[in-house]
Amino acid sequence: MGLTMLAPGSSPEQRGRLALQWRQVSWITCWIALYAVEALPTCPFSCKCDSRSLEVDCSGLGLTAVPPDVPAATRTLLLLNNKLSALPSWAFTNLSSLQRLDLSNNFLDQLPHSIFGDLTNLTELQLRNNSIRTLDRDLLRHSPLLRHLDLSINGLAQLPPGLFDGLLALRSLSLRSNRLQNLDRLTFEPLANLQLLQVGDNPWECDCNLRDFKHWMEWFSYRGGRLDQLACTLPKELRGKDMRMVPMEMFNYCSQLEDENSSAGLDIPGPPCTKASPEPAKPKPGAEPEPEPSTACPQKQRHRPASVRRAMGTVIIAGVVCGIVCIMMVVAAAYGCIYASLMAKYHRELKKRQPLMGDPEGEHEDQKQISSVA
């Protein structure tokens, strides 16, 4: 077209008409280009985007906030190895297509309860190596398709009841390297399809508070679930031992304590004193009045629950004492037998030596006996 416009011999009318057409085509091309730019999703600054897998990789950029221009069609968002310390509740708004979210190796210490409210298609959540100390029970309520959850290397001391309610699709859960001392069985019962549970490197206290979770672990292993070692930290006698290998007889005292507590809870509180309090005696004239006795009923002291450490200590001390007593009895019996054998041997040697010793009195008595017989 440009050659036609510049061809010699063309009339001015043809040149003007061709110039007008060229302008129209240029404007249309510009509008199409602008529309295409607006239609295509933009990639956040410094992040790497893959249009085929719909992945946005913003890892290792030193970010202190989530980029606000993440495309709504993103399926994988990688934010690991950054400097995120706090996240607003609207950080992942309108990312309903997101399936995988990685927030590992950051400085997060608390998560708003509604931060994952729009992530209804989330299947994998990585929160490894942060500083999270507490979790809200409604944190994962809107992510029923979640399959993999990693909460390892944080500061969790307990899990709120109901945290895993509704997560029927969860397959793997990692709670390694936290500050967990015990877990509630009811928290894990909704996880009917759980296949892998990691709970190692926690300061577990293997006492009555962990007994019910031990029952759940046995049931979990029986149905084919994989569980790493739950090593006891307390009591000292069980330190380093796997909780699954601790015999249930160690927790027999827990049932007794529960029975005592339940029976104490059924007692109906009565009046301060059911017996009629006697009338105070009138003071004698000239004598100092005696202090009136207290009419309040004495309260019964509750039985202080014994710990596994004390129970094991009592068993060990009793065993040592019994062992010492048994050893002393064996030594005494052996000494008595040796003494008796030595005395018997001594008497036998003494009888053998008596005829060789010239005892005149003995010979005289023998002669008397012979004469009497004669």
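Using N, Cα and C of the backbone, Cβ positions are placed for all residues, glycine too.
Keep in mind that what you see is a predicted model, and the values were worked out from it rather than measured.
Counting residues 6+ beyond its ends, the domain 'LRRNT' (42-76) has Cβ neighbours under 8 Å at 82-85, 87, 91-92, 94-100, 102 in the same chain. The domain 'LRRNT' annotation in TrEMBL covers 42-76.
Per-residue confidence over the domain 'LRRCT' (202-255) averages out at a pLDDT of 87. Taken from TrEMBL, the feature domain 'LRRCT' covers 202-255.
The region 'Disordered' annotation in TrEMBL covers 265-304 (among others).
Per TrEMBL, transmembrane segment is recorded for 311-344.
Residues or ranges marked as region 'Disordered' by TrEMBL: 355-374 (among others).
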